[in-house]
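**Q** Okay, so TrEMBL annotates it like this:
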DOMAIN    5-119  domain 'Tetrahydrofolate dehydrogenase/cyclohydrolase catalytic'
DOMAIN    138-279  domain 'Tetrahydrofolate dehydrogenase/cyclohydrolase NAD(P)-binding'
BINDING   GLY164, ARG165, SER166  NADP(+) binding site
Amino acid sequence: MAEIIDGKKISQEIKDELKEKVAAMHAQGQEVTLAVVLVGQDPASCVYVRNKKRACEYIGIRSLSYELAEDTSEEEVLALIDKLNGDKDVNGILVQLPLPKHMDEDKITRAIDPLKDVDGFHPQNVGALSIGLPGFVSCTPAGIIQLLKRSHIDMEGKHCVIVGRSNIVGKPMALLMLRENATVTVTHSKTKDLASVTRQADILIVAIGKKQFITADYVKEGVVVIDVGMHRDENNHLCGDVAYDEVASHCSAITPVPGGVGPMTIAMLMHNCLESVDLQK
Ligand code: GUN
């Protein structure tokens, strides 16, 4: 029987640890503030932003909310970021993606002060991660490392195969796994005979964005499977990139969807908010 890695429980542990740290910071007169910028009303983004603000409230982080209309100009968003960059009372800045089509996401990401970039998307933070310098790490891959560590799954010397090469998950995941001394293979939609590669994985991290794509023939016995996907199946139930029901019985451990990777992303965002206070000292 596979161990089911409980992301809800582990994220709660992290949030409780952070809550204690914030209380200690408050006792020293140190506030932590996150500015959350949402442009438009994409339903998924609204849910994510609400959950992020709720987590802030739980932990004791002050959240400032900037909810802008869909037709806000890029200049207005850049002006807001500029103001938040210059505000000493703002520690972290988060611009929820995706942005409306008339905006250049890269330009807006680059406008955020790297020392306030709690998402870890700024090129300076991406570069820092690649050469092992201090900086913010993208929340989902950082959360996956925490899931593995707190489940006592050893990474050193293991073959970690990552399916997906996005800037937010696949690429930073590869760098973090290298930092943990894993042997890393990154695969993607153009990889030839993908299953022959994924079957070599001791740890398989799937962030390909295709519903229930990884079936039993993609895994070897005893693999640890981490599923980053989030979709709705034909019964409107949440499901991942992994066909959980047929894959789980082959795994030594697996993350469910929901309740696996998802809750970790917000916990690590909260972690980054606390880190921002130290980085700004
Ligand atoms: N949209 C989907 N995931 C994320 C995330 O981690 N951060 C931000 N800012 N937007 C997102």
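For all residues, glycine too, the Cβ spot is worked out from N, Cα and C.
Those TrEMBL annotations? Automatic predictions, nothing curated.
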**Q** Taking a cut-off of under 6 Å between Cβ and any atom of ligand 1, tell me which of the binding-site residues GLY164, ARG165, SER166 pass.
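**A** Passing the 6 Å Cβ check against ligand 1: none.
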**Q** Note down the number of other Cβ atoms within 10 Å of the Cβ of SER166 (NADP(+) binding site), including every protein chain shown.
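**A** Cβ-Cβ neighbours of SER166 (NADP(+) binding site) within 10 Å number 16.
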**Q** Using the recorded NADP(+) site (GLY164, ARG165, SER166) as reference, state which further residues of the same chain have their Cβ within 8 Å of the centre of those residues' Cβ atoms, listed in sequence order.
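**A** So the extra residues in range turn out to be ILE162, VAL163, ASN167, VAL169, GLY170, LYS171, VAL186, HIS188, ALA207, ILE208.
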**Q** DSSP says what for the domain 'Tetrahydrofolate dehydrogenase/cyclohydrolase NAD(P)-binding' (138-279): how many helix, strand, coil residues?
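**A** Summed by class, the stretch gives 55 helix, 29 strand, 58 coil.
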**Q** Between GLY164, ARG165, which of the binding-site residues has the fewest other CB atoms within 10 angstroms in the structure shown?
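**A** Lowest Cβ count within 10 Å among the binding-site residues (GLY164, ARG165) is ARG165.
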**Q** Across the whole of the domain 'Tetrahydrofolate dehydrogenase/cyclohydrolase catalytic' (5-119), what does the mean pLDDT come to? Round it, please.
**A** 98
**Q** Can you count helix, strand and coil residues in the domain 'Tetrahydrofolate dehydrogenase/cyclohydrolase catalytic' (5-119) using DSSP?
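**A** Split by secondary structure, the domain 'Tetrahydrofolate dehydrogenase/cyclohydrolase catalytic' (5-119) comes out as 61 helix, 19 strand, 35 coil.
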